[in-house]
Every structure is written in structure tokens, then in C-alpha cells.
Amino acid sequence: MLDSFLVEKLLSFLKEDAYPDDITGRLASGINSVAQLRLKEEGVLCGVRVVIPFLKYMGLQVRNYREDGSKVKRDDIVLTFEGDGEVVLAVERTVLNVISRLSGVSTATKLMVENAREVNQHVRIAGTRKTTPGFRDLEKYAIEVGGGDPHRLGLFDAVLIKDNHISLLGGVSESIRKAKSISSFTKKIEVEVSSLEDAMKAYREGVDAILLDNMTPQEVREVVQELKGKVILEASGNITPDNVRAYASTGVDVISSGFITHSSKALDMSLDVFRF
């Protein structure tokens, strides 16, 4: 991501705290300060590279930092920066919110990847569009840092025919034919199904990928037995670190999970500020 994009994004977050009208932070104006970001639990770090351009834009000096993707533990100091006390205090919550949130996503993704690959070395863990409003680009980045695949960034980069499309268009086959009639050959077409019968229909229509939605591991396995190697097979629907092994063991190619963005817990951390 471009530095200018990151600065603009984080400035919008900072405005939620009404900067530069931090009426308490004014008390620290002119005081040379150093801030240390300290972990309170272990996980996979993400977001440091996101906040550094923002900190520099705000006139702060970054001294030391750990790279995104680093495995971190309690009491690790992962970022140190310094500057005017008023500015340091103003950016505190923005920095914490971004890094703790993204680290939570990357940590959850890493756990999903590790659990799945215990039983299937080739399966890919992917995100979904179930992201925090305003945070999608950053959360997709965090998924990649955790070893996952971002999947679609939005509605514009692939054709994914879901249940509501099928309902409006009159069926699986009809939906695929309509999509092919209006889509460029450069766009992959994936269709969501919930049964072996519909999966076979989609395959016969020549789609690039089939999303097996809210099916049990056994139901997914039956589709895999019929179509493995013929089309990309993706499983999705209420898949978490607790049950991902069962889905991975079916031999499916991709497992997408909303859990890693909508239910992951922010990594606990604090920012300690001192005079220097």
C-alpha cells in the first residue's frame, strides 16, 4: 500500500479523536517524549508498517520496530517513536487501535492456517468481505501477513454468483450462462452452491471455481471426490479454528472464513510514554 494512502487513512481515524483539539494533550505540548508499544500477549504482529508513514507525517521519529509477521510474546517492545508530547498523546489511540486490530486478524489467520495444514498441506485459508467498514484494505493485508489469501477485495475483481443472485436469475445454470454472456474472459467465475447436485451443474457449465457454502465436512468430501482437480473447490460457512481441520481433511482447495475478520480478538497491547 502506498504511504500516501496509509497517511490519509490513519488521519481519518485520528479525526475521530478530534485532533488537533485534544484539550488534555495540550498539557504535554513542548515536552520531549518517547513512546514504547509493549505487547501484553503473544501473537503475530501486524500494522507497524501501516502506522510508520503516519507517524512520520505527524512529525514523530521512529527509532526501533519489529517487522509485520513477527511472532511476538508478552512484554515484547515492538515499536519505539519519539517527539512532542502533545502529538505523541494525540496519536496514541490511533496507533493502538490499528496495530492491535490488525495483529488480531493476522494471529487468527495464522492459527487457522496452522490447524488446517496439520491435515492438508496444500489447502489455502482465505478471507471474505465480512470486514470492518473502513478497514477492509488493512484487514486484507493482515490476512496476508498471517499466511492467508485475501480473496476478493470487493465486488469488482471477480464474478461470484451467490444464493441471492441465483434466486433472482432462476437457477444455477441460468445464472452462470448470464454471467458468461456479460463478463470478460479475464474475469474468473465462481458460483456458490449448497449441494452435490448444484455443484455438478456448475461444473458442467464450465465455471472456474465452486464455493461449497454451509455444507458439512462429509458433504464437502462427496463433492471433492467427484470434482477434485477438475475445478477449484472452496468451502465456506461458519468455519473456525475449532472445525477447520475437519474441512481441510476433505481435500478441498480453499477454505474461506469470515471468522478471521469478524470474530478475531484484538491483540492486547499498551503504549507507554516517558519524558526524555
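In case you wondered, yes, glycine gets a Cβ from its N, Cα and C as well.
Note that the structure is predicted; figures quoted are calculated from it, not measured.
The substrate site recorded in TrEMBL comprises Arg93, Thr128, Arg129, Lys130, Lys162, Glu192, Asp213, Ser236, Gly237, Asn238, Ser257, Gly258, Phe259 together with one of Arg117, Arg152, Arg177, Arg275, namely Arg152. Over all protein chains present, the Cβ of Arg93 (substrate binding site) has 14 other Cβ atoms lying within 10 Å.
Under the three-state DSSP scheme, Arg152 (substrate binding site) falls in the coil class. According to DSSP, Glu192 (substrate binding site) sits within a strand segment.
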